[in-house]
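Quick look at what Swiss-Prot annotates:
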type	residues	note
ACT_SITE	16	active site, nucleophile
ACT_SITE	18	active site, proton donor
BINDING	16, 18, 323	Mg(2+) binding site
MOD_RES	181	N6-acetyllysine
C-alpha cells in the first residue's frame, strides 16, 4: 500500500453525521444524554432518584475506550494485548493490588484472540476482540451512558449489600428504545428529542464556512459525496439544515439515513435492503439501488454497485469519515476495504485542557456555574485514551503500553483528525501519512500526535505492545 493517502485519489467521499459533520457542544450534550436515560430509569423502571443528581467531578469517570462487563458491573481499560490496565467496580476504582488479584497478566475473560474476529491480513489477527457479554464505549453519544451505568452499579451494590451479578442492561436498552425509536422525533416523545428541538443551538455547533466550501469543492472536483448516518431522516434534516443550511442535501449525491451501522457494512443485501422514504417514513423495499437519492437502511454491497455505475469504474476508491470505531471505522475498513478517516476530538490541541490545568472553582465568579469536564479531555481516573504505564512485565522499570483502543486506531484507520475543519483548507491532493507507514502507531495522526503520545521520552520509557 502507498505510504500516503490523498482525497484527490478518491472517487467517492462519505461521511457520518453525528460527531463527524455535526459537532456537538460536548458538556451540554453529555448532560442531556445522561439525563435522558437517567429520567427513564428512575421514572419508568424505579431506579434510585440519586441517579438524577450529578456533580462536575462525576464526569471525570468518562473516558472513551472503556469496556463494561455486563455480568459483574466492572469497567475495564484494556492494553493492546487484551490484558487489563485499570478497572473499577461501578465508579469505585480498583487498587493495583486488587487489579493483580482479579486479572493478573492474562487476557481479560471477554477477550478472544481469534482471526475470525478481525482479519486474515498480516498484523491484524493479533488484536483481541470481545464477546457479546461486554459493551464498549467508543463515542461521545455512548459515553454518558458509561457514567450512568457505573452509578447504577454503585446503587445496586449498596442496596443489595454487595450484589455480585447484575441484570440492569435490559433496562438501559429499553431506555435507548424509548428515547431513540424511529417515531420518537415525530411523536416528540422521550427526553432527548423534545429538548434538542427547543434548544438546538445549545447542543450543536454550526459548520464553519470553510467546511461548507470544502464540501462544494469535493463535488466540483467530480467526487461523489455521500452522507451515511444511523440517525433517522427527520433528525438528519433538523441537524443538516442547522449546521450546513437548508440546502444541505444538495451537497450530497447520496443520503442514507437509519443506516443501522455497523450492520450496513457487514450484512448481506437480503438481510438489510434499502427502502424509499415518504414523509420520513419507510415505504417500498428496493431489490437494488439504481440511482442516487435519499434512502433508508440498506447495505454497502448494493451501494458499491451503484458507485461503480456512477463512476464508470470497476473498483471506485471510497473514503469514509466517522467517529465510532465500532460503527464506522472498523466495519468500513474490514468488510468493504474502504479508506477510513477517524474523527478524534482528543486531538484538538489548544482546546485540549488537562483537568489539573483548569481554573480552580474558588477563582471563578461567585455566580458562575461549575464547568462540566468536556468528554474529550484527559480523565484523572483512567489516564490517557492512548497509552498507560505498567509495572514490571519483565523489565526493571515501568513500561508504557498502547491501549486496545490505540492499537485499533492505528490498525483500522487510514488517518485520524480532530475534526473536518482541520483539513478543510488543505488542497484535495494533500498527501497525508498513513498509519500503515512502516507499521507506525503514530504516523497517521493529523495535524498533531496527542500530547500523551508525542511527549513520551523513549530514551527513558519503553513503548511496548508486547504481552
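Here the Cβ of each residue, glycine as well, is placed from N, Cα and C on the backbone.
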### Task
Consider the recorded positions 16, 18, 323 and say which one has the Cα lying nearest the Cα of residue 181 (N6-acetyllysine).
18
### Message
Suppose the Mg(2+) site is 16, 18, 323. Which further residues of the same chain have a Cβ inside 8 angstroms of that site's Cβ centroid?
### Response
17, 19, 20, 21, 22, 139, 229, 322, 324, 328, 343
### Query
When a 10 Å sphere is centred on the Cβ of the residue listed as 'N6-acetyllysine', how many other Cβ atoms does it contain?
13
#### Entry: residue 18 (active site, proton donor) and residue 323 (Mg(2+) binding site), Cα-Cα, nearest whole angstrom
8
### Query
If one looks at the chain holding residue 18 (active site, proton donor), which residues at least 6 apart in sequence have a CB under 8 angstroms from its CB?
24, 141, 229, 231, 239, 323
